[in-house]
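Some features that TrEMBL has for this protein:
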type	residues	note
TRANSMEM	24-47	transmembrane segment
DOMAIN	52-170	domain 'PLAT'
BINDING	Asp131	Ca(2+) binding site
SITE	Trp155	site 'Essential for stabilizing binding to COTL1'
BINDING	His417, His422, His597, Ile720	Fe cation binding site
Amino acid sequence: MFLLLKWINRYHASLNIFRNVCTVYIELTVVCCAVLVCAGKPIVVFFRVKMAKYKVTVHTHNIATATTMNNVFIKLVGEKGESKRTWLTSLKGGFYQDTGSREFEVLCPSSLGKLVLIELDKQPLPLFPRDTWFPSKVVVTTPEKGTCQFPIYCWIMDTEVHLFREGTAKRLCDETNHLARYSREKEMKTRTEQYCWDTYKEGFPGSMKADNPLDLPSEIQFSFTKASQFLFTAATGITELKLMGYSDSKKNWKNIDEISKVCLNRTVISDYAQEHWKEDEFFGYQYLNGCNPMLIRRCSVLPANFPVTEDMVKPSLRGSSSLLRELQSGNIFLLDYKNLDGLKANVINKKKQYMAAPLVLLYRTPDDKLIPIAIQLKQKPAKDNPIFLPTDSEYDWLLAKIFVRSADFQEHQLNVHLLRTHLLAEVFAIALLRNIPMVHPLYKLLIPHTRYSLQINLLARAFLIADEGVFTQFAASGGEGMIEILRRSVASLTYTSLCVPEDITARGLESIPNNYYRDDGLKLWHIIYRFVEGVIGFYYKSDSEVREDKELQNWIKDIFDHGFLAQECTGIPQSFSTVPEVVKFVTVVIFTCSGQHSAVNSGQYDYGGWMPNTPISLQQPPPTTKGQSTESTMLKTFPDVGTTAQGMSTMWLLSKQSSDFVTLGQYPEEHFNEIPPCRMIQKFQTELKDFSETVNARNSGLPVPYTYMDPAVVENSVAI
């Protein structure tokens, strides 16, 4: 502290107004000193000028390596002015001790008016390296006792000045301040440079342009916790099987009991699958509540290429019923794997593999069981393509079901799982990050549902479906078949199939009993819909506001062009005209990234951990005659030991959640500031909690619990 006095040598009988003052900052005031001249004598006068005091609370996010040892500086920018660039230091320490919050003061000669943004930068100490810092938010209490929040939630890794907007959600038309518009434009210019569309394969949805995870912007990369656990799980799974001598073995299985030794971990359902995999009731159950509940549909008329007769199925129909009567009553259901027809199967360990494109009839029995009653393994009827029946020999019927389950693995992994959750989630995320600024209500609503999605998909392309990927090397559809399945799946993708209520109706599954995917999916869909309806309705009061929001319109157009390849036949909107249209599509986004992904991902090891129930590949062609299959035939048809081990370890990895996963409806990053949407979040969380309790109560009475839509285990985003 110092005091600089400048004597003013002007003599006048009256008091003068002096331009030269010296200041000493002491909490809320400035001590000023001036020299007055009166009657020829100098007089030193001290007086206090009240300053505008801003309390600044800086929050560092609660994740590993988030703190910094660098000096942090802030500038407050308001409608009436800006503060000086202020070093944030206090006796309590800086930002290096732990995560949490630190309070500081910024003094200004006068009020800055309504705060618009803050400028943050950090500079390394002399002789210290530059490090990284992950602040979550800055909260500023103004002299008028108002509170302004500035969400950040990103890594600051350089020494540049970063601008962050006041957190009240604003659409572009709400922006009246030129500094706010400038900040918005600068943010989006940076984003469009960071997040670029790429085409992995012709006919695939657009993807993120990046060669490896380090190319991704730091804020969307895995956390240290997520990355370390993911690598550990991946390494230990295959290493354990390698040490047991399984992962590199090219031998066939000698007997069924030998397969049980290849087990990374046991679950209640994997144990149940091992015990019941041969049973028709368990076979049918899986198409309602297993990994792929998306293929089954009610059948009222038999397909022309599936010539099942009354005599064939009469022994399977209970009582004196007939096939025609059961078709008309809505008790017959169809599985059609036409997506796999005519594809070239893989070659594994220099040995040709096989897959079928089956047609399956399922029958709802009077006691509400779902059982298979006819299986045709190829799409075209022929003498060498018999229709297998439960009345056939044990291994004829069992082998036919094995080919169906293997076909389901291919359809599920590539269409239902990869395309309809992972790749679509990536499209939604890239379009959001390219078109919607952080202050926009849509960004605040959807950004939690994009967490880790871009990196997990980058890893999937690199280690699963690349030329040397696990799926390419060890799945029956790996290679050319995989690419064609995905192209066909993209071409058949529709908007209605992504909307649970419409999809259930279209497939005729409204009344089939014991369909927990349907029951829980509809319940979860409506909970999400009500939440989205409330939030969107709070920010968009009329349809005209939707039509005038250029950023919102750019977002959906980007999704239509790059995600659905500008195909109008998909039914995906190209623009929004009404508030309900926005609500419906945003519900699709959140449900796809959370509940739907959980439904088709989380049970992979439950139902695939016992290989005979879901073979990743098959080594023998589909049988062309009846009466020839034996246990030996079945064992030779199964994938070899090494292929089994690779498939099992991959399904274990893809079913394993990390410890930092965030359940649906939980928002550790506080993007919303306004009270109404915050209350809507609380109501959303309450509804999810109540629903979770309902699911647990129901599951307590089931031999096979259905947990995949339980909000307590559903992750907010496609993160695994």
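Glycine is no exception: its Cβ is also placed from the backbone N, Cα and C atoms.
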Fill in the CA-CA distance, His417 (Fe cation binding site) to Trp155 (site 'Essential for stabilizing binding to COTL1'), as an integer in Å.
31
Other C-beta atoms within 10 angstroms of the C-beta of Asp131 (Ca(2+) binding site) total 15
Between the Cα atoms of Ile720 (Fe cation binding site) and the residue listed as 'Ca(2+) binding site', find the distance and write it as a whole number of Å.
29
Distance [Cα-Cα, Å, rounded] between His597 (Fe cation binding site) and Trp155 (site 'Essential for stabilizing binding to COTL1')
28
Other than His417, His422, His597, Ile720, which residues of the same chain sit close to Fe cation? List them in sequence order, counting a residue when its Cβ is within 8 Å of the Cβ centroid of the site.
Leu418, Thr421, Ala425, Ile456, Val600, Asn601, Leu654, Val718
Model confidence over the domain 'PLAT' (52-170) (mean pLDDT, whole number)
90
What whole-number Å value do you get for the CA-CA distance of His422 (Fe cation binding site) and Trp155 (site 'Essential for stabilizing binding to COTL1')?
25
